Amino acid sequence: MILSIESSCDDSSIAVTETSTKKILYHKKISQEAEHSCYGGVVPELASRLHAVALPKILEETKPWFDKLKAVAVTNQPGLGVTLLEGIAMAKTVAVLQNIPLIPVHHLKGHIYSLFIEKKTLFPLLVLLISGGHTQIIRVKDFEHMEILATSMDDSVGESFDKCAKMMHLGYPGGPLIEALALKGDENRFDLPVPLRNSPLIAFSLSGLKNAVRLTVEKLGGAEKMTEQDEADLSASFQKAVKLHLLQKSKKIFAKEPIRDFAIVGGASANQYLRGAYADLCREFRKTMHVAPLQYCSDNAAMIGRYAIDAYEREQFIDPNEIDIVSTKKQQAGMLL
């Protein structure tokens, strides 16, 4: 069994996974959305304090499996430094006290492995990762080789949803709020720009679109004067522009990549509008689409545990005294995760 810990942002999560069957024996997540909502986004120091309270409570519930643990896994990159530290400190303590190996896990690799929770892996695979911190298309050849084909030049998909929701005073997290409002809106009312539409670059950029939303809010008299229909129409128009941007760049990669299996992962992959758009794109290019179960789209320890099983089989351990937060360089196309 492997104990896995996730604390890269605002979700405190711990799981226990059986190594041989890959079955989840225990999984719990405590979200901090309510505490951060009034700020319109995650406050790192507050998140760290909340992790310090939540993680020990969850860990206490995993005590029945302690004697059977073979390893402990923890996210150590990328993420908020002060929140990663909480999970790492706990993992080091468990590893030392139980005298078991420690497995560091890259958070984005964990998201990819959310596809394989309680399942066998499927490689090779093209993956669109859309979350609060990242927007990337990754070619996953196997466990060892994951190459970034396209990445964001600025704001991620999840971040842009959150910031646009904040501009309209909708609340946090913005993704589900904008998606729900968009169902009642006219996506053609506001002519928002599709980023990099005329650029040959195979990359993502949402800062310009975000600014266009800000200017539209101002033209409507500010968030306070917007009607519910204004909010719905702007949400729908924004979501449509994001979709068109993602699809345009994805098509260029689909056209030259022979890999037949494609997946969407990350918190923003729960968006049903975007899922539907990519289902259509996969049919057009005759690719098979895969998605993680909705409960495993956002940050969770189950995906960290699933990745850790494959790492454990390859004996990718680290001395508990040597693990630390890894400073992640700005990721570019061509780089390996």
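Every residue, even glycine, has its Cβ placed from backbone N, Cα and C.
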Taking Asp162, Asp186, Asp261 as the options, which does Swiss-Prot list with Leu129, Ile130, Ser131, Gly132, Gly133, Gly175, Asn271 at the substrate site?
Asp162
Record says His107, His111 bind Fe cation. Source is Swiss-Prot. Which of Asp233, Asp280, Asp299 does it list for that same site?
Asp299
Which is it, of His107, His111: the one of these binding-site residues whose Cβ has the most other Cβ atoms within 10 Å?
His111
Compute the C-alpha separation of Gly175 (substrate binding site) from His107 (Fe cation binding site), stating it in Å without decimals.
20
Near the Fe cation site, what residues other than His107, His111, Asp299 in the same chain have a C-beta no further than 8 Å from the centroid of the listed C-beta atoms?
Glu6, Ser8, Thr75, Leu108, Gly110, Ser114, Ser131, Gly266, Asn300, Met303, Ile304
For the C-alpha pair, I'd like the distance in angstrom between Asp162 (substrate binding site) and Asp299 (Fe cation binding site), rounded off.
16
In whole Å, note down how far the CA of Asp299 (Fe cation binding site) lies from the CA of Ser131 (substrate binding site).
9
With Cβ-Cβ distance below 8 Å and at least 6 positions apart along the chain, what are the contacts of Asp299 (Fe cation binding site)? List them in sequence order.
Glu6, Ser8, Cys9, Asp10, Asp11, Ser13, Lys29, His107, Gly267
